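Annotated ATP binding site per Swiss-Prot: Gly75, Pro76, Ser77, Gly78, Cys79, Gly80, Lys81, Ser82, in sequence order, evidence recorded as sequence analysis. Among the features that Swiss-Prot reports, domain 'ABC transporter' is placed at 43-285, with the record citing sequence analysis.
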Amino acid sequence: MNSKSGYNRLFDPMAETGQALDFSQHGLGQKTVGNPFSAKAKMSVRNLNVYYDDKQAIHDVSLDINRNEVMAMIGPSGCGKSTFLRCLNRMNDTIENCSVNGEVTLDEQDIYHKKQDVVPLRARVGIVFQKPNPFPKSIYENVAYGPKVHGLVSRRAQLDEIVEDSLRKASLWDEVKDRLFSPGTGLSGGQQQRLCIARTIAVSPEVILMDEPCSALDPIATARIEELMAELSQNFTIAIVTHSMQQAARVSSRTAYFHMGRLIEVNDTRRVFTNPEHELTEAYITGRFG
């Protein structure tokens, strides 16, 4: 299927979008197209279904997320991508009327097993939310909190080292090293989000989930976070939900397109944007609906 240079059109705000189309029921009974599975998977999802009371939000989704990749998840508002992301570290457990069935594994171990403790799971699979949410503590204590709670340190020198290393990895150290005991809430929005990333890194996660991490930030702060994602992917597996197709195109190696709770297509990012296999994907990335 030819998307007429859909990848390039993402960066052209004046591109012709064509006539709006209603694809709301088109092709939804078909299997996911593209390449959702991998021999290099860090996390694997099989036949995942999610319900809020009797409303089904995710329909039979299967997908692998590779080690040390940035996987982007795109789709219209309400398509289920954030619900899917929260299944990867069981954040949906905190929603009273939410039920999940299917299989989600981390290094081939079922994270929904009845004996799985969610506290160490969420240390291994951290999450950065849409809006920066630093604790009402100092910059230092924001980063130190996780290692102390999880018993990762026994000496203050160890904690100091973790705080500095985490802030460096989050590209924040040089900006805050002289005011570590100032309130984290006093930082700019972009700095607060990088502080939240440092806080996540501090407990040595294996996977970092990002749910619209730049939606509340200005373009300069967004660029810093995007650069940071590329650096972090050398040591971490990253899954990001974004409404910005431009961002998905810039930061990710693979992209998954969701529509009405179904995973429509997964493939290398450039291929998704230049030669999508499904009409729904093509219609979305070329602006014909969304």
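Using N, Cα and C of the backbone, Cβ positions are placed for all residues, glycine too.
What Swiss-Prot annotates, mapped onto the structure for a quick look.
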residue: Gly75; record: ATP binding site; contacts (Cβ under 8 Å, 6+ apart): Lys81, Tyr257, Phe258, His259, Ile264, Tyr284
residue: Ser77; record: ATP binding site; contacts (Cβ under 8 Å, 6+ apart): His243
residue: Gly78; record: ATP binding site; contacts (Cβ under 8 Å, 6+ apart): none
residue: Cys79; record: ATP binding site; contacts (Cβ under 8 Å, 6+ apart): Phe258, His259, Met260, Gly261
residue: Gly80; record: ATP binding site; contacts (Cβ under 8 Å, 6+ apart): Val50, Ala57, Ile58, Phe258, Met260, Gly261, Arg262
residue: Ser82; record: ATP binding site; contacts (Cβ under 8 Å, 6+ apart): Asp211, Glu212, Val241
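Taken together, the residues in the domain 'ABC transporter' (43-285) have a mean pLDDT of 96 on the 0 to 100 scale. A Cβ within 8 Å of the Cβ centre of Gly75, Pro76, Ser77, Gly78, Cys79, Gly80, Lys81, Ser82, the residues given for ATP, is found for these other residues of the same chain: Phe258, His259. In the three-state DSSP classification, Ser77 (ATP binding site) falls within coil. Counting other CB atoms no more than 10 Å from each candidate's CB, the binding-site residues Pro76, Lys81 peak at Lys81. Annotation note: Ser82 (ATP binding site) sits in a helical segment as assigned by DSSP.
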